[in-house]
Amino acid sequence: MDQALLLIHNELPRTNLTVYWNFDCCYHCLLRVLASVSQGRKAGEPGVAAVAVSTQHWSILQLNDTAEDTEVCRLEYKFGEFGNYSLLVKHVRDGVSEIACDLVVNKEPVDSNLPVGIAFLVGMALIIVVSILRFLLSLEDFQNWISKAINSRETDRLINSELGSPSRASDPQPEAWRRSAAPLRLRCVDTFRGPVKCMLPKTSLFLMEQLSLRAEMALTIMVFVNYGGGKYWYFKHSSWNGLTVADLVFPWFVFIMGASIFLSMTSILQRGCSKIRLLGKIAWRSFLLICIGIFVVNPNYCLGPLSWEKARIPGVLQRLGATYFVVAVLELLFARPVPETCASERSCFSLLDITASWPQWLFVLILEGVWLALTFFLPVPGCPTGYLGPGGIGDGGRYRNCTGGAAGYVDRLLLGEQHLYQHPSSAVLYHTEVAYDPEGILGTINSIVMAFLGVQAGKIFLYYKDQTRGILIRFAAWGCLLGLVSVALTKASENEGFIPVNKNLWSVSYVTTLSSLAFLILLALYPVVDVKGLWTGAPFFYPGMNSILVYVGHEVFANYFPFQWKLGDQQSHKEHLVQNAVATALWVLIAYVLYKKKVFWKI
């Protein structure tokens, strides 16, 4: 899988060759020895070496004269999976010293991305079919036709089913928006608790459900990615700088968690719950998340029974628990009632959602200043101050043990190297040799910033709940502003900016880039889901109602049937893709059954 065969033919007389190789995307990396090709034993008989080369990214090949260590030729090429290639190294013509390196395709490669394309088209076809069916069910003529074809009782069942409710599809505004905004005791959705009783205006209830939908979509993608994503490189985390699909999911979940914190806390305080009692609930939930992350889904179980000497302390749930605690306590300390009387009179240029939160903004900006100060000014033994690179063979191999700079140093100093993730994604391209944890201490600071930006989205929803145009303007403004900040920090490049986009570091540019995309996605989904009611969120709605159960369950049972089975061809992207898609669909089905039976795991 993800490999091609390369035959290197050395037709140069009395010359031995050393072939060096690396990925083009490996930034400032040392080239690694791929093969040595001796001269032919007989005149007219070339020396040949057969090697396997990776097909995931563009490759750099450099051929040197072994004796003189001088470059003979250099080329860049994107090999195809299961392809067969020959590299012919020879003089251009007899008696001419100029050397040519010609690459010949002996066997055409396969299109390894074809299964992803087919799966995408099948998914789009299902969405189109469901959308057409929903539209038809909203038409009165079509309903009358159904009434004539089947009995009236069956007609009522079909029309009132989840798939096509005519009241939601035909009404320009969903029912929750048409009803009175008077507070009622209803059931709301919280990110980690499922349905919870709350006291919210019905408009706010609908907003909360739709914000939860965004988290549910992220959770479903997270399950698919964690199961392997068909073994495609873009469904895995980037080795260092840059973004892949896998890098998008976790921060968006943190973002929506921040929005749900504000909405759920507003509802609880409206019920008259004391702040001291609520603080206790926040602390207990954070503690449970951290404990589940350390003792239930710890990756060190792969090595046998969990030993505290080598137990990984940071992790996804641990990061969520710490982030939730800080942001929730911050909002609790400075909580203010949301003004209701002048909501419809606010100008589209009002900044009330920001100015009312100036203490929280001040705290978050100070926290970001701490991250910048530690990242760029903390002395790290044996490493340049302010180093943001991967170490290993990156940067010419000069800083092999400096992976992550200050972030890695702080984790190793405070937590110990044995308690960190031992197989970081940086080892794939950069062959790093030290442990590094992408959910480390310094990165938690920026995840707090990300969650607080999610809080800001929640405040926009609630402060301007009667102004669709005002909400859209603010989403667009935040998306553009954060996008411009990202462009300034990265210089619109992957590796050349002041602070590159980096998931391993959770760099500030990573936060601004993903937050910008989150606001723009809300900008696109809000009219479709919240205002027009064209999509209910199914099937992503159901996993979000049991998000903690789905996350923990998919981690614990990852190697059990029917989520995994022995494949007929382990080197097939198609078979891995089918297996991972089926496993993800099964968790959606499990969540659906639990939802119908009203079974929810709350913490």
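Note that Cβ sites are derived from N, Cα and C of the backbone, with glycine treated the same way.
Annotation comment: TrEMBL describes 116-137 (among others) as transmembrane segment.
Annotation source TrEMBL lists transmembrane segment at 211-229 (among others).
The transmembrane segment feature in TrEMBL is assigned to 249-270 (among others).
For the transmembrane segment (282-301), same-chain residues at least 6 beyond its ends with a Cβ under 8 Å from one of its own Cβ atoms are 192-193, 307, 310-313, 315-318, 320-322, 324-325, 328-329, 332, 421, 548, 551-552, 555-556, 603. TrEMBL lists 282-301 (among others) with the feature transmembrane segment.
As annotated by TrEMBL, transmembrane segment applies to 321-339 (among others).
Under 8 Å from some Cβ of the transmembrane segment (360-380) lie the Cβ atoms of residues 330-331, 334, 354, 386-388, 402, 405-407, 409-410, 442, 445-446, 448-449, 452, 455, 505, 508, all in the same chain and six or more residues away from its ends. The transmembrane segment annotation in TrEMBL covers 360-380 (among others).
Outside the transmembrane segment (441-464), and at least 6 residues removed from its termini, the chain residues within Cβ reach (under 8 Å) are 204, 207, 211, 251, 254-263, 266, 314, 319, 322-324, 326-327, 330-331, 338-339, 343, 346, 352-354, 356-357, 360, 364, 367-368, 370-371, 374-375, 406-407, 410-411, 414-415, 470-471, 474-475, 478, 482, 504-508, 510-511, 514-515, 518-519, 522. Residues annotated as transmembrane segment in TrEMBL: 441-464 (among others).
Annotation source TrEMBL lists transmembrane segment at 471-489 (among others). Counting residues 6+ beyond its ends, the transmembrane segment (471-489) has Cβ neighbours under 8 Å at 348, 353, 453, 456-457, 460-461, 464-465, 497-499, 501, 508-509, 512-513, 515-517, 519-520, 522-523, 526-527 in the same chain.
Residues or ranges marked as transmembrane segment in TrEMBL: 509-528 (among others).
According to TrEMBL, the feature transmembrane segment maps to 540-557 (among others).
Outside the transmembrane segment (577-595), and at least 6 residues removed from its termini, the chain residues within Cβ reach (under 8 Å) are 115-116, 119, 220, 223-224, 227-232, 539-540, 542-543, 545-546, 549-550, 553-554, 562-565, 567. Among the features that TrEMBL reports, transmembrane segment is placed at 577-595 (among others).
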